[in-house]
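Database features (Swiss-Prot):
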COMPBIAS  174-198  compositional bias 'Basic and acidic residues'
COMPBIAS  205-215  compositional bias 'Basic and acidic residues'
REGION    1-127  region 'Large ribosomal subunit protein uL23'
REGION    128-237  region 'Unknown'
REGION    174-237  region 'Disordered'
Amino acid sequence: MDVTNVLLKPVLTEKVYFNQMGETKKYVFVVNPKASKTRVKLAFELVYGIKPLKVNTLIRKPTTIRGGSRFPGLSKLEKLAVITLPKGIAISVTGEAPEKTDKPADKTTLKESTVKEIKDTKNSPEAVVKTAVEALQIKPTAAPVTTAPLQTVAVKVAKEVKEVKVEKPVKVEKPTKPAKVAKEAKTTKVAKETKAEKSVQTTKVAKETKTEKSAKTTKTTATKTTKTKTTKKEVKK
């Protein structure tokens, strides 16, 4: 069996990380199921260059897996090797690159060459200031703009405001349209006609009700008289 086919992949779990907190650190690898402990030791020495203190092997049996179909599946059979290292020795299993601790230099710091030039030069102080400004990359500020005093500006503005006169807008009454006037006259006429018709109808109904009531009263009186006459005839007999 080739040594390269013994250590397949590392196992990275919380339990493994917890075992790596102490002085004696333990690492777990998925191993070829046909490999023995001696094979695992040799493979580890060739890959990492460290002799392990102890090697223990475990067999992880297949378990049922519920997949997308209704029939459950099974996981693969795996053989694990727990390798313990001597005290004070550790390895990087993940293969991650170490973090960079170098910080970028500040922009305001001077370069070493410019500082030496400033110290060595025996010229006037103006040249020294120029070299320092170029090293710091400072842009010179613009010259201040000369402005007139505030009092004179305020007087000018006040004069201009007095001279300017704002004319108020005059309200213009809009002429009424003849169509609207005609519509209003029609509506008033219709209202008057409807009121007159309603009054005539109410008077007619009142008269009819009075005549009907008088006719009913006459009928009732006539029936009463006939009844009295018949009763008198019966008594005489």
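Backbone N, Cα and C atoms are what each Cβ position is placed from, and that goes for glycine too.
Within its own chain, the compositional bias 'Basic and acidic residues' (205-215) is flanked in space by no residue lying at least six positions past its ends with a Cβ under 8 Å from the stretch. The average per-residue pLDDT of the prediction over the region 'Unknown' (128-237) is 67, rounded to a whole number.
Sorting the compositional bias 'Basic and acidic residues' (205-215) by DSSP state (H, G, I as helix; E, B as strand; all else coil) yields 11 helix, 0 strand, 0 coil.
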